[in-house]
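Annotated transmembrane segment per TrEMBL: 12-35, 87-108, 120-142, 180-205, 352-371, 399-419, 431-448, 454-475, in sequence order.
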Amino acid sequence: MGRNVLVSSLQNASFSIVFQIICRCITFAINAFIVRNVGREVLGITNVRLLLLESTLLFLSKEAIIRSALSSRHNKQCSWAQLINQLWITVPVCFALTLPCLYIWLNWLSAVDAIYAEQYRFGCFAIAFSCIIEMTAEAPIFVGQVFCFVKLKVILDTGHIFIRSFIFILIVLMNKDITIYAFGIAQITSACTIIVGNYAFYYFYIPKLLQYRKDLKKVDDKYVLRDQYGQHFENMDDFPFVSIKQMLPGVLPNPNSMFNSDLQTLVLSFAKQGVLKQVLTEGEKYVMSVSPVLTFSEQATYDVVNNMGSLAARFIFRPIEDSSYFYFTQTIARDSALAEQKREMVQEASDVLAYVMKTVTSIGLLAFVFAQSYSGTVLLLYGGADFVEGGLPEQLLRWHSLAIVLLAPNGITEGYMFATNTSKQIDTYNYYMAFFSVTFLLLSYQLTNWFGPVGFILANCCNMSFRISYSVFYINKHFRSIGMNPLQKSLPGPMYLSVLIVSGIVCKVSEAYFSGRSIVCHLLVGVLCTGLSVGTWSFENRDLLRTGLARYRTRKQSLTPSETHVN
């Protein structure tokens, strides 16, 4: 297999960032429309309560299975037939989870107003159904990830977002009183789009790949087929499917048992960890839903500000985290010591970890500094004067920028740890995750009673600090045996930090002077300071940028099948 995993990971991150920007822009526009025209309570029901049900079902149904399947690509005893069978377990798992979840969402959680009760009930069933049918597309999605069909993923994800948004907006424009009905219908439609898009691609791709293999036997130079077939058929000798039916369970020839025991063990380890991780990720929403700490209107305000504060995480950190995890799983063997693996691969992984850590930490600090001066301005432009009245949204966004500073390194350090942990180490970490989860929930409840919605953010900061400390300890211990410490090179330089401090002071002065006078002037000062900060970082890390640019140009110039295969 000649596919370049690092290049694929970088492209995946780049395309995912673009996709996240498009997705969040659409979501932001829809949320602003609901806030200004429908009401915050409806937004709280859809974006907090219903999306919490969706994330719970999707995460618990597939996260452990997908992560273990990616890691098992190093295990030669695990066949593709076993992987496909394992991926299809997500369907009955999701169905089993919908039963208790629906009962809890409909009967245990704080009740919605009577005017929305019937719509809310429909929304819960629509979300559950969409999650179940979406699981049927996990096999082709996984195949596309393993064989580096990066553009396919981005195109299909973008397409289903546009279709979901179009249907939702169309229904709401016709009748604003059925917004929750529209939300549920749009979710089901988007799930169907994912299924049809993924299977349709392989329905046309596989026959053409088989024809390419036949023609390849007739020529001496395989490059002559590139103009006819394109590059996405090259280096696919290990593609195991000759029919789309083989992506169904039990169809692909399998001389071994139906399931791989090592894979099952890893799935169980990740499953226990997944429950705890879900609590940590969505803990504040669970607290909101279970206890009447905040009204749906306040929940909507928190959710809007939280989404805005999470722009960096959604646009940049999450795609980088996912691509980094994929890269580390394909580069570092999980069950072997670093000293026993190829030195050049370990060195490359160490450098990638250090450079990615430095980049995301720098972005987090940038967001923190400018959020102190521009939170109120951004929220005013987004939600209007009524939305920012009282000062709570601005206060939430400023505090949330502190969480971004911690969120930046947390995702990368945990990604490396999960990608290289053995099953035993994952089980050990599960005990720590249990402690972190309980502590986080207790802190969320207590700090919210003391400080209001800000308490959720403070509890989240404490939680991420605990997790970062554990991950950093693991990484240092993991590399100590070969005399490396990638985290020493992961902190931003002094020049960049100095410029950030000066920029922060200048922007606070600008906020005090231009407040109520000229938003445009205040924004212009921010743009100039941001440009200066980014320019300083680029100058200070010019060797890193030069290396990355050189690799990109080399790839563009040579781009031979022996180097890369990315669709």
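For all residues, glycine too, the Cβ spot is worked out from N, Cα and C.
For the transmembrane segment (399-419), same-chain residues at least 6 beyond its ends with a Cβ under 8 Å from one of its own Cβ atoms are 67, 71, 273, 305-306, 309-310, 312-313, 317-318, 320-322, 324-325, 328-329, 332, 334, 353, 356-357, 360-361, 363-365, 367-368, 371-372, 375, 426, 429, 454, 457-458, 460-461, 464-465, 467-468, 471-472, 474-475, 490. Proximity of distant same-chain residues to the transmembrane segment (454-475), defined by a Cβ-Cβ separation under 8 Å and at least 6 residues beyond the stretch ends, is recorded for 280, 283-284, 287, 302, 353, 395-396, 399-400, 402-403, 406-407, 409-410, 413-414, 416-417, 421, 429, 432, 436, 439-440, 443-444, 446-448, 486-487. Residues 273, 276-277, 279-280, 283-284, 286-287, 291, 293-294, 454-456, 458-460, 462-463, 466-467, 470 of the same chain sit 6 or more residues outside the transmembrane segment (431-448) yet have a Cβ under 8 Å from a Cβ within it. Only residues 6 or more beyond the boundaries of the transmembrane segment (87-108), in the same chain, are considered here, and those with a CB under 8 A from a CB of the stretch are 49, 53, 56-58, 60-62, 65-66, 69, 121, 124-125, 128, 131-132, 135-136, 138-139, 142, 248-249, 290. Within the same chain, residues 6, 309, 312, 316-317, 320, 324, 327-328, 397-398, 400-402, 404-409, 411-413, 416, 475, 486-492, 496-497, 500-501, 503-504, 507, 526, 529-530, 533-534, 537, 541, 544 sit at least 6 positions outside the transmembrane segment (352-371) and bring their C-beta atoms closer than 8 Å to a C-beta of that stretch.
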